[in-house]
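Novice: Structure in structure tokens, see below.
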Ligand SMILES: NC(=O)C1=CN([C@@H]2O[C@H](COP(=O)(O)OP(=O)(O)OC[C@H]3O[C@@H](n4cnc5c(N)ncnc54)[C@H](O)[C@@H]3O)[C@@H](O)[C@H]2O)C=CC1
Ligand SMILES: O=C(CO)COP(=O)(O)O
């Protein structure tokens with residue numbers, strides 16, 4: 001049995017993809033009304049109305065039903081993950097973080113938050129270019145499974161791969177965490193560029209210089225360059241900086257157009273930009289795009305001033 005915590009878009013999509021292979025999957029939902037609705041309708045009305053549940057997908061409100069088995073996938077937004085997993089109690093299975101970001105209060109990524117919240121557990125992260133809507137309807141998707149322990153990583157890779165969900169493995173958890181977290185910040189920046197009408201050339205420049213920031217941070221924190229250039233970094237950067245389906249990109253579009261954005265929508269890059277800007281200021285790391293996104297999101301700069309600031313920085317080598 002594979003357990004999944006979090007019945008939002010990503011948790012539900014993974015549950016459907018894994019259950020389609022015929023194995024038992026248990027999806028825990030914290031909201032009683034939503035759980036009953038899903039159990040009755042056999043689809044997730046709120047997040048994925050077009051993706052019916054396979055027979056082997058069970059919906060539960062009993063959190064103890066997901067604490068053992070092959071793996072427990074934690075698919076809740078990063079800023080809520082610490083409080084979410086605190087409800088689990090004893091866990092007898094590896095925990096796989098299925099989220100992207102840096103915790104505002106601690107500066108930690110998903111794996112470190114899990115290990116901090118539940119000391120002694122085995123952890124991994126599943127991350128990479130994949131919209132929930134694509135996974136749920138069985139479109140082909142490739143992701144990175146990062147686990148510090150190579151043997152556990154290989155076992156998780158095998159358990160979580162399906163005919164449409166292809167997993168590559170790595171032991172570089174820092175690279176996988178950082179790539180997934182930071183590409184969302186760059187997606188906000190690219191959305192803002194397009195929203196402000198600055199064009200595709202400016203977006204390509206923002207993506208590329210954004211990737212340079214990802215590499216700069218990654219090098220400092222010990223990430224491997226091939227991980228950052230892989231699915232969890234460059235791959236996800238390419239998806240979210242160019243697709244209207246990305247919520248981070250959509251927030252950027254709204255910022256660029258100076259429109260209001262629905263605060264209920266999950267946008268991991270907003271808090272992550274702030275967390276990373278704080279780390280960068282403390283450690284003297286130059287992250288102009290991340291800093292600009294932080295200031296745009298908090299409303300302390302306008303898109304016009306932000307562009308002027310970025311374009312008039314001292315000239316340098318690439
Ligand atoms: N939606 C997508 O296409 C993808 C999302 N992700 C990542 O997955 C993570 C989750 O995002 P989504 O599922 O899209 O968000 P979502 O907004 O669709 O759903 C979030 C779910 O988490 C639940 N939740 C929030 N706080 C909780 C708590 N304290 N305890 C229990 N449950 C809680 C909510 O009730 C909701 O069901 C994010 O880090 C996101 O970056 C990754 C790849 C694709
Ligand atoms: O991470 C994602 C795709 O890989 C989903 O992106 P958004 O959270 O921006 O929608």
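Here the Cβ of each residue, glycine as well, is placed from N, Cα and C on the backbone.
Automatic, uncurated: that is what TrEMBL annotation is.
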Novice: Can you find which of 40, 183, 304 TrEMBL lists as binding sn-glycerol 3-phosphate at the same site as 100, 128, 130, 236, 246, 247, 248?
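Specialist: Candidate listed by TrEMBL for the same site: 183.
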Novice: Taking 10, 211, 221 as the options, which does TrEMBL list with 30, 47, 100, 132, 247, 268 at the NADPH site?
Specialist: 10
Novice: Based on Cα coordinates, which of the following binding-site residues are within 10 Å of residue 183 (sn-glycerol 3-phosphate binding site): 10, 30, 47, 100, 132, 247?
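Specialist: Passing the 10 Å Cα cut: 100.
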Novice: If you count Cβ atoms within 10 Å of the Cβ of residue 100 (NADPH binding site), leaving out that atom itself, what do you get?
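Specialist: For residue 100 (NADPH binding site), the count of other Cβ atoms within 10 Å is 29.
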Novice: Round to a whole number and give the Cα-to-Cα distance in Å for the pair residue 130 (sn-glycerol 3-phosphate binding site) and residue 247 (NADPH binding site).
Specialist: 13
Novice: Measuring Cα to Cα, how many Å separate residue 132 (NADPH binding site) from residue 248 (sn-glycerol 3-phosphate binding site)?
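Specialist: It is 14 Å, counting Cα to Cα.
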Novice: Most Cβ neighbours within 10 Å: which of the binding-site residues 130, 246, 248 is it?
Specialist: 248
Novice: I need the CA-to-CA distance for residue 246 (sn-glycerol 3-phosphate binding site) versus residue 268 (NADPH binding site), whole Å please.
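Specialist: Each residue's Cα considered, residue 246 (sn-glycerol 3-phosphate binding site) and residue 268 (NADPH binding site) end up 11 Å apart.
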